Every structure is written in C-alpha cells, then in structure tokens.
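Colleague: Just passing along the structure, written as structure tokens.
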C-alpha cells in the first residue's frame, strides 16, 4: 500500500467520524450518562456520593457503555489502543531506572550550583523542569523535583509559591516538545503517525520561547518577593544530600495519580504518619552521630590510629570489594544513560515508538541483573487501566454522535489555515482541556481536527496535530486542576516533611490565567 493510499484511507476514516449523525435517542441519553459519570469521577475523584477514584471511574464508564449497549463488547476491546499503552509502559519503566541511576539528584544539584539569587533560581527551575519533563514526563519530574525546590526556597528564606509555580508550569510547557513528554502527546503521536523528530522540530521553538516567557512572567509578577536578600548565615553548598534523595524515591504507582484532596485528608487524619517520619529522621541523625563517635573513639588523643586498629587482610579484602562494587555501580549508571540515549536516537530515527520504549525498558531490566519486580512495581498500572477505561468510554461517547454534531457546527470557524480559525480552535481546546481533561479532549477532537486540516493539505494536517499537542498541554497551566502535574506539586509540597507548604487554588489561578493565554498565543505563531 502506497503512502498516498494510506493517507486517503485515513482521511476517509476521519471523514466518517466527522460526519456521523446522532444515534438513536436511548443511545444518546445512556451514552451521555455513562460519559458524565466518567467525567465526574475523572475530574473530581473524591465525589462524596461515589468516592472510588479516577481509575475505577474510568472502568465504570466503560462498563456502562457496554451494559447500555452503546457499543458492543468487541468494539470496546478494539477501542483500547495497545501501542499507546506499550509506549506509556516503556517510558515509565525507563524513568524508574533513570531515577535509580540518580539522574534527578544531579538535576536537583544543578538547581543550586553557583546560584546567583532568587531570579536566577526561577530561571534555572523553569529550564531544568522543562528539559526533564520533555524526556522523563512532566509527572515524574514534578514528583522528584518538588522537594528540591522547597529546600531551595527554605535555604534562601524565600516564599515557596513562585518556585512551585515555576516547577509545575514549566513542566507542562516543557512536556509539549516530545511525544513522550505527557500522555496526550503519546496519544497524538500514535494516532497521527508524526515521527518523533518531526514532532520535536515542530514544537521545540514554541516550547523554548514559552518557557522563557513563562519565567519572565513569574519574575515580573513576583519581583518584590524575589528581591528579598537571603541571610548571610545561609550556606551556599549542596542543598540535597544522599539521604535526602533516597527519602523521596520515585513511585508513580502511589504518587503520580492520587488526588490532592484524598492524600491531604489522609495526612491530616493520620498525625501518626508525621510523628513516624520525625522519628525516622531523628533515628537517622542518631545513627550518624553514633557512627561518628565510633570513628572518633578509634583514634588516639593525638589523632593517630591506634595500633590495635591496623587493617587486617580481611579488612583489605572488604575495602577491595567495596571499591569493586563502587565501580560496578558507576558502570551500571553509565549503561542506563547510554540505553536511554540509544532509545532517544532510535525515536529520532523514526523507529516504532512503542517497541523502542519497550525494548529500552527490557534492556535496562537485563542489564540490572536483579529481580525486576521492585522496579516494575513502581510502574503506575492504575494509570494504564485508567487509559483502557477511558479509551472505551470515549469511543462509546463518539458512537452517540454528539461530538461529531458539535464539531460540524464549529468546524467552519476553526480552520487551521486562518489566524481566526486557529484562535477559535485554541480557545475550544483550552476550555475542553480544563473541563474534560486534556487526554479525553485529544481523543474527542484529534481525528476531527486532523480530517478538517487534511482537506486543506497534508502539511496543514500535521500542523493541526502539533497545535492540538501544544494547546492541550499548555492549557494545563490555567488552573490548579488543569493537569496532574499541578496536583502532584501541590500534594508533594503539602506532604514534604518539615517543609510543608500549601499552594492555594487562587495563588495558582492569578498566575495561571495570564501565563496560559500569553504562552499559548506566542507558541501558536511558532508551531511549524
């Protein structure tokens, strides 16, 4: 089959979806009810009447679509997009091994290295957050870097919220640059068949300018707060030590997709958790002091080593074994970085993204030469199940014909070959992304926007997909509930031991609205 034939076939498929008429009344009503239940539980996972969470909510929506006979069981299974799930699974496993290889510790230390003040820190946080999110996903970056940012704010005696806003907003903007930056980009990359390299080249200029503009907006809005000088007593060394890094290891299965309200209620209702963390921290300090005393007691008053402490052959053997383990660990880290770079090169070469990510993840499992269960347990299987339920629910809602009818009404005013059309499309995407969440928005609009653009030209079709990726991602900065990354930063900040800080909805909103509108508008002029 030629490339042209494939294009025509895809265009006909999109055209069929776009022109779909409304289904029978009972399908429209029951399908809308099922989708409304899914939407309510996805956006508000702690609904008092049914507090079952996002994952169970997506499965409930999917099951209702089948039980209500909006779609058949076979159509439900066919709606699950396995390439997207494979790509998501592979990137999560790679992220787990990268975190074990201390990549995020080095990124955290980079934030404080030779810092030149609060405004410099804002710029660094924006840059590091954006770059790490582009390659390790925005959720992962926010889980790991939030506590680093809180430590930086404490060290410089500065209010944390400008830095937390910089982390969350830049993570969202940065993740727009690659297909592996966030879940909606994964969906777009698989459905559109846009290569990794084309995706990166198309969105990267908008991302770089967007991050710079976002940092500038933060500095202007919080100029007076960021102009406060830190006390001279504050140190200028490393902010985060080895023990601090190991205290908040990456665990997407338990952190990345928990609602902020649930986690906060749990913390507030369980003061023993806080006492336990304090006790653990104190025990750690005591162990360090005791080990220091033991070392000190081994020395003579003049500082020389006692004759009784002369190393034995067994001790020499232990030291040699320790050095061997040290070099093995360094070589293992190097292998992790090389495999990750190889995965990115393969993606840039246009190889199948799902199998490339899965192959890289399995290569890391083999190189680790250990039982992979502890690492695989950190994969967010609840997120994968959520996607399965969401695919079925959205497909069922499409079968009702409601999305097609609404799009047919809006399409004449949302053509991507006109500035006014792009503006209308961007507003619709921003609103839907904040009301229905960005991934369902992409699933509902993607094929329709592509079909409308394909009727103009092939290049316009590609541009339409990239516009959808850019706007749906940056739209997450509008409010605290706009993206999972925002909720993760809020949750992690409130849960941080000794550093807890509450990022309020209104603090986020008064920055998020101007930042989202300005960054989105500027980025749209740079999408190619």
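Placed from the backbone N, Cα and C atoms, the Cβ positions cover glycine too.
Pulled these from TrEMBL:
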type	residues	note
TRANSMEM	21-46	transmembrane segment
DOMAIN	46-475	domain 'Citrate transporter-like'
TRANSMEM	52-71	transmembrane segment
TRANSMEM	78-98	transmembrane segment
TRANSMEM	199-223	transmembrane segment
COMPBIAS	293-315	compositional bias 'Polar residues'
REGION	293-322	region 'Disordered'
TRANSMEM	334-367	transmembrane segment
TRANSMEM	379-398	transmembrane segment
TRANSMEM	419-436	transmembrane segment
TRANSMEM	465-489	transmembrane segment
TRANSMEM	509-527	transmembrane segment
Colleague: Going along the chain, which residues at least six beyond the ends of the transmembrane segment (199-223) come within the CB cut-off of under 8 Å?
Modeller: 119, 122-123, 126-127, 130, 134, 162, 165-166, 169-170, 173-174, 176-179, 185, 189, 348, 462-463, 466, 469-470, 474, 511, 514-515, 518-519, 522-524, 526-528
Colleague: With an 8 Å cut-off on Cβ pairs and a sequence gap of 6 or more, do the transmembrane segment (21-46) and the transmembrane segment (334-367) reach 3 or more such pairs?
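Modeller: Per Cβ check, the transmembrane segment (21-46) does not touch the transmembrane segment (334-367).
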Colleague: Quick one: do the transmembrane segment (509-527) and the transmembrane segment (419-436) reach 3+ CB pairs under 8 Å, ignoring pairs fewer than 6 apart in sequence?
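Modeller: Per Cβ check, the transmembrane segment (509-527) touches the transmembrane segment (419-436).
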Colleague: Could you tell me what the rest of the chain brings near the transmembrane segment (419-436), counting residues at least six beyond its ends with Cβ under 8 Å?
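Modeller: Long-range Cβ neighbours of the transmembrane segment (419-436): 39, 43, 410, 413, 444-445, 449, 467-468, 471-472, 475-476, 478-479, 481-482, 516, 520-521, 524.
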Colleague: To the transmembrane segment (78-98), which of 52-71, 334-367, 465-489 is linked by the most Cβ pairs under 8 Å?
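Modeller: Comparing 52-71, 334-367, 465-489: 334-367 has the most Cβ pairs near the transmembrane segment (78-98).
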Colleague: Going along the chain, which residues at least six beyond the ends of the transmembrane segment (465-489) come within the CB cut-off of under 8 Å?
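Modeller: Residues 43, 133, 138-139, 141-143, 146, 164, 167-169, 171-173, 175-176, 181-182, 184-185, 188, 192, 194, 199, 202-203, 206, 210, 255-257, 259-260, 416, 422, 425-426, 429-430, 433-434, 438, 441-442, 445-446, 449-450, 503, 505, 508-509, 512-513, 515-516, 519-520, 523-524, 527-528 contact the transmembrane segment (465-489) from elsewhere in the chain.
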